[in-house]
Amino acid sequence: MIHLEKIEKEFLQGQEKTSVLKGVDLEIKKGEFVAVMGPSGSGKSTLLQLLGGLDVPTEGKIEIDGSPLHQMKEKERTVFRRKNIGFVFQNYQLLPTLTVEENIAFPLHAEGKITSEKSRRVQELINSVGLKDVSNKRINLLSGGQQQRVAIARALIQNPAVLLADEPTGNLDREKAEEILALLSTFHAKHKQTIIMVTHDIFAAGFADRIILFKNGRIDQIISRKDDNYAQYLAHFMA
Amino acid sequence: MLNTWLISWRNITTNRKRFFFTLFAIMLGVSFVTAMLVSERTTDQVFDYYEQMYVANADYWILSDEHTYPEEMLTTLQENPDVNEQLLVLDKQTFLSVEGDQSLSQRSVRITGVSDQRSPLLELPVIDGSLDNEGIVLPEAAADLLGKEVGDTIVFSGLGEAKISAIVEYTQILASPGDWERAESMGFRVMMPLNTLREWTGIEDEISYMRFQTEGEGIELFQSLQNEFQDSSVYIQPVVADDLQSNDIGGLYTFFYLIAGLSMFISGFIVFNMIYTSVIERKKEFAIMKSLGYVQSAVSGFILIEVALLALIGTVFGVPFGVLLGDVFMKALLGVFEFDMVYTLDWKIPVLISVFIGLLFPVLFSLFPIYHAGKTSILLALKGEQRETASKYLVWRSSVGAVLLALGFIDHAAAYFTIVIGIILLFPLLLMGISTVLKPVLTALFHHPGTLAAKYLTQQLNRNANTAAILAVGIAVIMMLGAVVQSAPAGYDEEIRSTYGGDVRVTFEAPWTEEDRNTILQYDIISAAEPITEATPITWETRKGVSRQFSVISVSENGPELFEAEGDEYAKLSEGPTVVLGSRAFEEWGGEIGQTIEMNSPMGKRDFEVADVVATSHYSGYVAFMDESHLQRHFGWSNSFDLLLTVTDGEAGALREQLWSDFGDNLSKVQTVEEEIQSVVSAITGMNELLMVMLILVIGLASIGTGNTLLMNTLERTKEIGTMRAVGFTKSQVRKMILAEGLMIGLAGIVGGVTCGVLLIYIMSQSVIMGGFLSFQFPVSHVVLSIVAGITLSLLAAWVSSESATKMELQSSLREG
């Protein structure tokens, strides 16, 4: 469902070009939960930005459900992102002047008028992330865990086919991180979204079907839950 | 070692767009101030130059209350060794012979015969030809209209013909019309040798007046001549350079200073907004500095240097641009007043003053943020916390605003300032109101971006309110000026009609005789022909001892109404040798009613009690009135050179032709009350157009503030805008949001400005101290222009800011968080 072919990404740093992704080929199946790991600067966040259409590759193809993201113009990418991709960021990226409900409904507003059906979905999501009591409060009054719940609800409001999560538990303590990961797993089990999660946390990665290890802009290793030695690898990493 | 200036330069240029916006605002502010100062000085200098050219080097002149007097009366004077230079002058009225069907009034010409065209008592700036004491000297405007060049012949009906020997620049003594329409009410003036004119007219031993220059001040000679001429029609007057009787430009200077002050205020406000925001943004930086040992004054010093740098650059670019702008403004101004004058820009002193102002005002407006930077709390800033004072501040600001606004209803000059400041302080409330009212409209227009814009507008409430207030102040002040200019024609119309004294004023170069008057009374359409006696020029002294000159006009209770009598003015005038002064003369004199004014009457130096001050259209109020019997007794003046005609019915045009036909040999001017009104009103209409241009410039300047504010708002919301884009907002939706914010700031400025303007106009119209100077009215054209320019320029400014927002790189804006 997600097809990446020979993806290259270069950035200009001053006068010099820095290659961040060097010929990445990857296939991710529909409904798969994938964790992307690797040291800082290995290219994992850049990969997420390319998948989300926030940026375009220097070379290569990205197709999501057959749609060529690499060929789309900026506006097309924005509309595609709005309808098909949900984003969860490490630092939540919520709009501080809006309430919980307004933040969650924001992508719907970006599309146009909110129908009663959509309104219902907002309420359902608020309930399902456990924020009913604070739905009319401003973001700055919430805890980190609550803010990340809002971010997850916002990412899921359009019922996107793909959910991209960039270090979703990076700013949370273990207890809150477990809650968020459990929430993601629940939604994944229920709605079968494709989830691609960038993380440094092997515990978080343990929730994924596959773990993709990045090193120097290339895929170094892919570990699948189906692999015979998956548990061994995981234990090795955790150690 | 740290180079403080270099660091400050880096700081102010970190955000280049904001730097240029602020710099541009300072530059425009300084330019407007420079332009207005240059215009004021140049206008003053131009009028002074032409007045000096008119009086040249003459110290005294000897005139008569007859058309001419015998030259032999001057024999002893001409031989006096104290007289250095002398010039004999004879004026004669006649008609030009021109091709085409011009009427007699259009062809009327005054020939001034002079004993020496090259005399130092005359200043004739030659453009072409030479002053050869043989031919005719023609002003450029007349030469152009008549299509004549040096060497061409001019024919004077019934007198003779002569060749043109010189064409000269505009000078008061030869002021002539530049088109045939103006020629209808303004005669041509040319100069020729006295001998030739004497030959043509047969007036061999007579002259109209004589000018002379003395060795030293010549006071003894003046006094002895005053005594000598006491019982004759001849009198002596010192030559005084005073153009206030022919020009009423005092109001213009107020206009110049208002525009300069307004632009400086707007520009200063923009600087304040920018520096204040910069200080708030850099609190952490200041806290670190303070934690490293910098004292409050050192931190403030950093900001002061940044402001000084901005002021310096703004002044360096603004002042030269201002001089250029001043030149353009002068051209427009002289065009408005139809002066065929040449001018040299007087820029040196204005440039010095502008440099001083340019360096000072940005610093003055930044004093609060400079102080605020120094007062940064280390702990609060490093923790990223802010004291919760916003709501308290809003209450305080709004309360003070409401009090100041209420104080505006007290009839005092300071009330105008309290209204403006009060409205500025109330702007946050207005902005909140506008945001609430417009939210549904903007949502309908722009969808969700509109809703968000209404929300974000109140997020930076004070900054956005201040920005809208800048625009509002500009609009309000220009509206007030517009109302003054618009109400002026009606006011002048009323004043001229009520004090002109008739429908047509007919001026003769010789005294009117009873026979002439009877002839005119025989005309079918004339119901009255009242002579008015005008002693002119009469020199006098202000309370400060400055020499001035004006006309003293005789009045009587049963005669034509020449001023607005409100009480017992006529009774006071008839009681004794008293005068009533027109308002401008009274102001220039500087005394109080009941005090005496010293005049050089033809009978010698006399003190007259000032019985009252009155409104009159004659010489725009730069005149004195005296009872006719007293004028005759104390001035020895009985002749009338003017008749005021009352027309029952019929065409003024036909009357004019008849007058020129019957009295053409001596008639110098025929002016209807309508023409007098028209000449005043056309200048005001021109001023109104100039004001419209100024209005657009002021709104443009205020829009730079809007652009700057929106840019600051946008930059502060980089992360939020990045998030919006990440979750599905398109670039065009982000642009719409910022455009809607700009639109609301513009609308708030317009609503607040128009409200403030209407309030100011109303208070001014009701003011007792303004003495009915302005009638209440709504200057529709100014309001329409304010709305159109305000919305357009605000949207333009918002567009520039939205460019920055849409060009933000998504990944880096998300990282900002």
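Keep in mind that glycine also has a Cβ here, set from the backbone N, Cα and C atoms.
All TrEMBL annotations are machine predictions without curation.
Per TrEMBL, domain 'MacB-like periplasmic core' is recorded for B:20-209, B:467-655. Annotated transmembrane segment per TrEMBL: B:20-38, B:255-276, B:297-329, B:349-372, B:393-410, B:416-438, B:465-485, B:690-711, B:738-764, B:776-800, in sequence order. Under the heading domain 'ABC3 transporter permease C-terminal', TrEMBL lists B:258-377, B:692-809.
Among residues of the same chain six or more beyond the transmembrane segment (B:738-764), those with a C-beta under 8 A of the stretch's C-beta atoms are 408-409, 415-416, 419-420, 423, 427, 430-431, 434-435, 438, 442, 445-446, 449-450, 453-454, 456-457, 464-465, 467-480, 483, 702-703, 706, 709-710, 713-714, 770, 773-774, 776-779, 782-783, 786-787, 790-791, 793-795, 797-799, 801-802, 805. If you look at the transmembrane segment (B:393-410), the same-chain residues 6 or more away from its ends with a CB under 8 A from one of its CBs are 416, 418-419, 421-429, 461-462, 759, 763. Residues 15, 17-18, 21-22, 24-25, 28-29, 32, 259, 262-263, 266-267, 269-270, 273-274, 332-333, 336, 460, 463-464, 466-468, 470-471, 474-475, 477-478, 481-482, 485, 738, 741-742, 745-746, 749, 781-782, 785-786, 789-790, 793-794, 796-798, 800-802, 804 of the same chain lie 6 or more positions beyond the ends of the transmembrane segment (B:690-711) yet place their CB under 8 Å from a CB of it.
In the predicted structure, the domain 'MacB-like periplasmic core' (B:20-209) carries a mean pLDDT of 90. Broken down with DSSP, the domain 'ABC3 transporter permease C-terminal' (B:258-377) shows 100 helix, 0 strand, 20 coil.
Note on the domain 'ABC3 transporter permease C-terminal' (B:692-809): DSSP counts are 97 helix, 0 strand, 21 coil.
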